[in-house]
């Protein structure tokens, strides 16, 4: 049995060793990349900073808030609604842009390849067609991968784990920049057109979040333009609320599901919530769906129709054909179990693959090569499956966009080609709605197997791509297969319509991979436009989540953990009541006096070994009777602004300071505060004094050192703190709790584990 103190010692020991190793690596290999990066999921990275959702209530802030009267607050509220409307409109337009470009480029590619295959089927030499298809795919994906790998690596993947971390309070570098948005949009167009097993829905969420973060700040730091609007919202608290609205708008543009968007933001993202926020977010989602709908309707030439609310439309499910009876519910639950097991398998495979990628494929050029390889393999697999398939279906009465005849008789088309020769979204809709008998069970079985491995290999490549649509497609394929085999078993009785089972299979597979429950139920209900399926979909998703969680955690949580992000869950680990704040906190703490020498401040800020971001301020002159008690807390960013504007006591006395600093000076420096190295302080100025009284937060949150870990955790998590000062009974500072101290403790297989911290 380990005592808590020996626990701590272990933590500190492993700390030291790791840092030494990292330093040795740096000294041995000055320029070259190491071939293998040692990576361990039991680490917590120190490169992520926390966001500060707690307003610093210093004198400047209080003065400004007192000056604002009721009318001014009303204009602020109106501005919030305006921003939400703008977020909705822009997210909808970005979704339209992606949709229209993908449709045209993919259509062009399929026409070229189809013409080529038709030509060579007659006179032999089909390997040329294969070469053409594979080359087209690989070259398109190469462009998409190069821009991600070399310009903005954060744009890789679906972006949902990153947004989840941002809303949890972790500052992931570059995650909401304009550059990320541009690369994300171009990257997702190229990877879908390149025929990878990906969807364009996941990245919409990230795009919406970037748009929201940009608009709400009223300026672009990337373009160095300041529009002088919305200055009140330049702080983490406000920005976060708008980012959750942007994420919701992204979901509702992708699936045409405004309520689902709000619930997604609630379930996956936002850590903080209130009613006004819900209503504003719903407004943004509604506007986003409506914008997408009207623009696409005009583009398709029926301006008054408004028939395409989202990027993916599952089409309408009619009650007459597609009702379900009570005895089918056990069947649906069984499908949920299958989905959970397959989803867990998908996640486990992807976990090992990602570990391999982090260790060996960390150079941009290797990542691009891997992406091209996957693209070529995807095309080859598709071609070989179409070539070997003998499944022919009559053309008349079917709604196939690019019917490939290949070796079928005249007036027939190859049904395997409809699955591979289409964007994944179209294939999903076909699997839901094609009449019974349009697919051979053999075709579906082969397709499911191949696509499962392709999608698993593709997620985590250095391209922008979502995992929603591939999982829906895999699930729809095995669901339809399940439905067909049921109707064989029951001698073709009426209730086994394969389309219904395709829908349940899709829900089960997606639920088994990403483990969302509430929002996914509503998204599926809104996308199919049918409420009667709410109950079976909910059952399927619950079963899939329970079964999947038994084996391995959800895909997004897994990727967050692999990135070693200090992510705080809703609750502290269950068995952690024995730990107290004294064992969790970081000590000793670097404190500043209330009136401090400038030289001391500069040295503390420039010290690279301790990159603290908050410093407790203590009483300046402790004599024998008075204890150096806690007086406030000041942030690194505030200190840097003070040094930059040279707010020193001596200069104030000599009336050299032109004006008092206002809150605006701090807001203009947000979010990219200059590094301390860029601020020049002369030797004379180092001897000046700096008075922190009106800039520090005089009422920081504190806990006594006896508080238990769950209590500290609750306070920290619910208020979205960045620093929590630990004091003793004389109000002296004994330690500081930050996000990393709390995220270190996690429930593992054997009970409570403590992760070690690493500089990587």
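Including glycine, each Cβ sits where the backbone N, Cα and C put it.
TrEMBL assigns the feature transmembrane segment to one of the listed ranges (204-227, 276-299, 300-323), namely 276-299. Per TrEMBL, the stretch carrying the note transmembrane segment among 55-77, 331-353, 400-422, 561-583 is 331-353. Feature annotation (TrEMBL): of 531-552, 597-618, 619-640, the stretch labelled transmembrane segment is 531-552.
Range 467-489 is the one annotated as transmembrane segment, of 30-52, 467-489, 651-673 (source: TrEMBL). The feature transmembrane segment, as given by TrEMBL for the ranges 2-21, 442-461, sits at 442-461. Checking the ranges 163-180, 181-198, 685-702 against TrEMBL, the transmembrane segment annotation falls on 181-198. Of the recorded ranges 81-102, 130-151, 242-264, 531-552, the transmembrane segment (368-388) has the largest number of C-beta contacts under 8 angstroms with 130-151. Counting C-beta pairs under 8 angstroms (sequence separation of 6 or more), the transmembrane segment (181-198) reaches the transmembrane segment (467-489) with 3 or more such pairs. Highlighted: of the candidate stretches 81-102, 276-299, 442-461, 442-461 has the greatest count of Cβ pairs under 8 Å to the transmembrane segment (467-489).
Residues 109, 112-113, 116, 179, 183, 186-187, 189-191, 193-196, 364-365, 367-368, 371-376, 378-380, 382-383, 461-464 of the same chain sit 6 or more residues outside the transmembrane segment (130-151) yet have a Cβ under 8 Å from a Cβ within it.
Averaged across the domain 'CBS' (696-754), the predicted model reaches a pLDDT of 86. Simply put, out of 276-299, 442-461, 501-525, 501-525 has the most Cβ pairs sitting under 8 Å from the transmembrane segment (331-353).
With a cut-off of 8 Å between Cβ atoms, the residues of this chain six or more beyond the transmembrane segment (276-299) that come close are 80-81, 84-85, 87-89, 91-93, 95-96, 99-100, 208, 212, 241, 244-246, 248-253, 256-259, 261-262, 265-266, 270, 305-311.
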